[in-house]
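Visitor: From TrEMBL, here are the annotated features:
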DOMAIN    11-65  domain 'XdhC- CoxI'
DOMAIN    117-258  domain 'XdhC Rossmann'
């Protein structure tokens, strides 16, 4: 998707459509929004006939041929949807006040994005960075080798450091650590630092069941770890349901694991 500043520069005359209320089952939550210009869109409020109606209303407003400021839409068979709930929409021209409000909202959302640290930018690390790039996450790739930090998505932050394990203590709580370096000994050092923490949503390490056993033995004998720490480690990453070792497949499965772990962490934290 085009980033928001680029969209706004190309489409200064737009309508902000945001969800201001929901009841029952709906495709998006209150606060979700999209921008509609005469010939372009940014974001989504849920798709389907419901969104099609909203786009039509917004473009009538832009053209000065009609349109209303709010809509209350039942998401039932009368509009060809079967969610069963209702959604209230608000339509506002993108004045400077509305634009400032939108930019402040996005800045706040970016500030609260979960921090995902990928240690290692080899084949799987790069594939995972690409898989995570379009998601609402803040992704940082950490490497000891300068040349491996090329060819990463533009949205990805990078860190070139001699001792990656030293960064683990500074990762914000609720974040995720994925360990996929070129060196098993380095993997173990990073893993030890990550598992000592109890406030990370996900700690994953690339490897096999043999590597898991080897790491567990090292952690207890030499790493100063505790037996219960291994319960917090996902190794192998990506699960075993799909036995496909192509980097892009491992990355897709691991991205799903991370999102699931982040959601579970949020639920635990809010209960």
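Any Cβ shown, glycine's included, is placed from N, Cα and C.
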Visitor: In the domain 'XdhC- CoxI' (11-65), how many residues does DSSP call helix, how many strand, and how many coil?
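Guide: The breakdown for the domain 'XdhC- CoxI' (11-65) reads 16 helix, 16 strand, 23 coil.
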Visitor: So what pLDDT does the domain 'XdhC- CoxI' (11-65) average out to?
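Guide: The predicted confidence over the domain 'XdhC- CoxI' (11-65), as a mean pLDDT, is 91.
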